Each structure stands twice: as C-alpha cells, then as structure tokens.
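Step one of this worksheet: look at the structure below.
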Amino acid sequence: MVVSYNNNNNNNNNNNNNNISNNNNNNNMFPPFPSSDDFAMYQQSSSSGPYQETYASGPQNFGDAVYPMNGNFTLLPSDFTREPNDSFFYENDGIFDYQRIQQQPTQFQTKQRNDSQQQRFSQEQNFEIDNEVVHNNNRYYEYERSSNEVSPFDDENPNVLSDGMSPTIMATATAVTNANAPLPVNAQANNPLNFTSAPSRTVYLGNVPPNLSVKELLDHVRSGVVEDVKIIPEKMCAFVSFIDESAALLFHSDAILKRLNIGDRDIKIGWGKPTRIDPIVAARISTDGATRNVYIGRMTIEGEESHLSEEQLRVDLEEYGEIDCIKIIKEKGIAFIHFASILNAIKVVTNLPIRNPYYQNKRIFYGKDRCAFITKTQQHNAAQFLGVQPGMEHMIEFSDREFISNALLQQSAAAAAIATSAGGPNNLGNRTVYLGSLPKDVKIEEICNAVRGGLLQSIKLLNDRYVCFVTFIDPTAAAQFYAMSSLYGFTVQKKRCKVGWGKHSGPLPNALALAVSNGASRNVYVGNIDFVGDSLRDERVFTESNLRHIFQQYGEVEQINFLPEKNCCFINYTNISNAILALDKIKSNPYFKDLKINFGKDRCGNVPHQSR
C-alpha cells in the first residue's frame, strides 16, 4: 500500500503518523480516486485469508500510472499494512520520478518484492520499507508491519476491527457513495469482473443440467430482449444471444454477482463468439419490432364452441421451432407464445395465417419479450441509484431500458468491488450481513427500523450473543448497506454496532425471485377491517396480541402496525417465506375471508438515511 509523507518531515520517524497526507497535502488518508480515464481495478494476487480486497484507486493527475498494489490489505486508524509474502506491481508511464534510498531505481519495478533488500524504516513503529516514490515533494512509501504486531481484529468476528470499523471497506465504500460518476469507458480486458464492456452479444453458460429446458433457462433472464437460445446437452452448456450488447452485459454481470444456480448447479459464466444479427431478424426488428413472443388475438370468435388449448397451440406451432412457453388469457381471448429465437417467431407471424386456415381471421403479431420486463427488484435498485424519491419507483418502468441497464451495471460494479474487497472473491454474491455488539436489550423491531437500502429475505437475532444476521433479497443491496454502514456507522439505541459479512447466503432461490418480482415481501397487508364493529365484540379479533397469535403460526412476527383511520394493519415477518405462506393460508380463517389480503412494502427497502 502506498501512503504519502511530506518530504520536509520524512526524517522525523517519531512523528510519521502525524505526517500522513495524500497527493494534495490534505488530511485525507486515502489517495484521491481516479477519473474515468485513469481508473484501474486490480484483483489481489493471493487467494488465502479472509482479508483479501480489490483496491481501486489512483491519482487523477498521474495519467496511466498506478500505485496501489495487489495483495491482502488492512486499514488501521493511523497506517496501512500489507500481509507478508504478497506480490505487488508498479506500472510506470514515465511520469513518476522513481527514487530509491536503499537500492537502485531498477529494483523498484519488479513484480515480487525482494525481502533481502528491505530495511528498517522505523524501529519505534515496527515499519519496514518496501519501496519509495518521490513526486511533487511528497514521498510515497510501501511498507508492512513486522509479524510480531498484535492483531487489531476482533476475535469473535475477523471481518471487523476491534473498534467496530471494517478494515477494507473504506475505499470501496467511497466508490459506492460516488457511484453516480460514470464508469470507465475502457475496462481492463483481463478483469473477470468487468461490468463495463461486452465483447459479444452472446453469453456462455457452462455446467448446465443435461435436461435443461429453454423455459427453465430463460426464467433466470431479466436483462433485455433475447434473440436466440441454444442448449447443447451433451456438452452441458448453453448460449443466450441478445439483440444488443448492453443486455448481454447486464445478464452476464447479474449472473456472476448473484452466482447463478440452476438445478442445484453453479453455472459457469463466460462470453460466446461475437456474431452479427441475422439480416432478416435485424430488418424485422427495425420495421415491426419483432421479438420471440408471438401474440395471437381474437381467439374467441362468435360461433366457436371453445377456446384454443395450450396443447393444440403446441401442435400447430412446434413445426416452426422450439417453444419456450405459452400463456393463454381466456377472458380476453388472447395468447402469447414465446419461441427459442426471434427468427422462429418471424416465421410464425409470416406463414401461420397462410398455411393454417384456422388462423386466417386471427390477429397475429409480436408481443413483448418476457426477458425484457423490468422486475420490482430492478426498479427498486435503479430508483435508489438514480435518486428517485420514495414511492416513485414505478416510474422507472417507463424509462429507457438502456438507461436503466447502465444504472444497474454501475451498481453491480460497485457491489462486486465491495463484496470482494472485504471478503475475498468467494464473497461475491453474498447477501448476508453480520451485525455485532448489539445492545443487550435490543429487539428485532429496532434493528429493522435501522436497516435501510434493500428488501430483506430474512433477519435472525441471536439474543444470547448480541448479534444479528440480515439477509437481503439482492446482493447489490447487501453490499451497499455494508459499505454505507461501515462508512457512516450503524447505530441501534445510540450504540455503534459492528458490521461484517455473514456466512455466504448462496443464490436467491428462483421461486422466491419470481415471487418478489410479483410484489412479494415480508410485510402482509390486511385491509377493509371494521375496527368499530370489532370493538363491539365480546372478544376483539384485531388486537396486536391476538393478531400476533394468529399469524405467528406461519412464522416469527417482527412487528404489527395498525392504521385505524385507513381500516388496515400490517404484519411484518422476519422471513419473506413466512409472509408468502401466511398470505396463502390466512384466507381459510373465517375472520379474514372477506378482507383484502396482499403484500405491503418492506420498510427496510426505503432509501438509506445517509443518501436522503
């Protein structure tokens, strides 16, 4: 790690901690973050230990020169340290005037440090110099603490320092809080977490189940219009081609960040060979807005005895190509048939009315690709990132798809940096955040009142250990909450709590993801309650104690809120699965059969206090 010491004071080893500054000679401990042209992201070279990080930094005015190093870094209150035996790398474009007091300048640009050349920097502080850079009267030292230094980490939770501050989050937290800045145009080509450019419209998926269907695969795609899907069972791989690279990039980054899992298999994500869109497909997209989805209207015509069944549609249409899914809306007399490719759908729209007399009087055209619908979670994430006011998230749905994709990609890039910087590469996609040193009398309701920034899947409080594990629906929300809590602190009952990463949550189950996209949350809304009539009963039903007793049979209840003036109440569960179960079962209770039951809004998904 590189820190700056004022050149006029570098001989005073006893006052080194007082002389730490950045390139601009202010009191900020961090080097300034780079502009988009100078941005550089480096992955750590070591794969061991829980403190690995990706450190993104570099001075704005130094061109392509990069001075933060690879390796395991720990941020202490007054200095930087680096774990021993890790490699580092300097990149010199001729701007830096490299000087070395101990050795020759040529030794400065080696990829692996030479331990025999290290010399004592300060006996009092137990520092050892690795390298030194001089620029604009500032000296930049890379150094490490000796191995006999006492560990500053909490024994119970190695992800947080003893003072409650996460050691590696500060730089990446700054990246998140400044996430509105544009991402770099040219990304590192060899960076596996490249969220900024796509080499192809086609995403490769490896280790897929041999019996995987097109529908099962595309149930996981929510990033844009799909041109074509190919599954190769004998090679256990698949290729999903989109009509544009931005949609491919969003799916690629989302699959990596969320650790795409299909059929209990961890899916390998990569890029397919770059290809051009078929000229026929491109022309029909341009003129007719062609998609994989074929719309058939006027399915119920006067004189016809019955609707067209899904089985009959499959028989009539399977000759045109593999079918993804079929949806029939009988009351409207319409059907939507998704094919595996746009070309197959074009063949149906062009030839079906001609080749099959039954469809001559039907309305046949293109519908919207189901993979291009913006989910509730995407709306929520994009709204927070774009600073949309609470309650206006639905307006995101009407925004330009590419605009939303860019916002989600920038969020994904920041989330990946946060997750890997603090917990290593294996922490990518983790949705569980650890909260420690909680007040002894804390209630789970108080924690939920303090957690903001994302919908929750579950929250678990261990009262005997004064710790809590919060699992978000989306890993992006978890990473942002972790960063903001580490940067600004997380307090409950005016006590600052420790923040770290919990055990990896794994990917969100697809069934739960679909439920969330349809509005599911851990909050159950009960409306049309007659509180006046209930008060006249000998035993009231709609009291907090009675409702808690009724709803507790489906899972732990976190909070119950009453709004008598609106004739409703809200029951918040600690787990979203319990809320889904309650919504499904509560109608069997005679007191609730005539009431309006739906999902409410999870208050933990509100905008974080720091960003309001």
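Each position is counted from 1, following the chain as shown.
Cβ atoms here come from the backbone N, Cα and C positions, even for glycine.
Per Swiss-Prot, the features are:
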type: REGION; residues: 1-57; note: region 'Disordered'
type: COMPBIAS; residues: 1-28; note: compositional bias 'Low complexity'
type: COMPBIAS; residues: 42-57; note: compositional bias 'Polar residues'
type: REGION; residues: 105-125; note: region 'Disordered'
type: COMPBIAS; residues: 115-125; note: compositional bias 'Polar residues'
type: DOMAIN; residues: 201-274; note: domain 'RRM 1'
type: DOMAIN; residues: 292-379; note: domain 'RRM 2'
type: DOMAIN; residues: 431-504; note: domain 'RRM 3'
type: DOMAIN; residues: 522-602; note: domain 'RRM 4'
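Taken as a whole, the domain 'RRM 4' (522-602) shows an average pLDDT of 94 in this prediction. For the domain 'RRM 3' (431-504), the number of residues in each DSSP class (helix H, G, I; strand E, B; coil) is 21 helix, 28 strand, 25 coil.
In terms of DSSP helix, strand and coil, the domain 'RRM 4' (522-602) has 32 helix, 23 strand, 26 coil. For the domain 'RRM 1' (201-274), DSSP puts the residue distribution at 21 helix, 26 strand, 27 coil.
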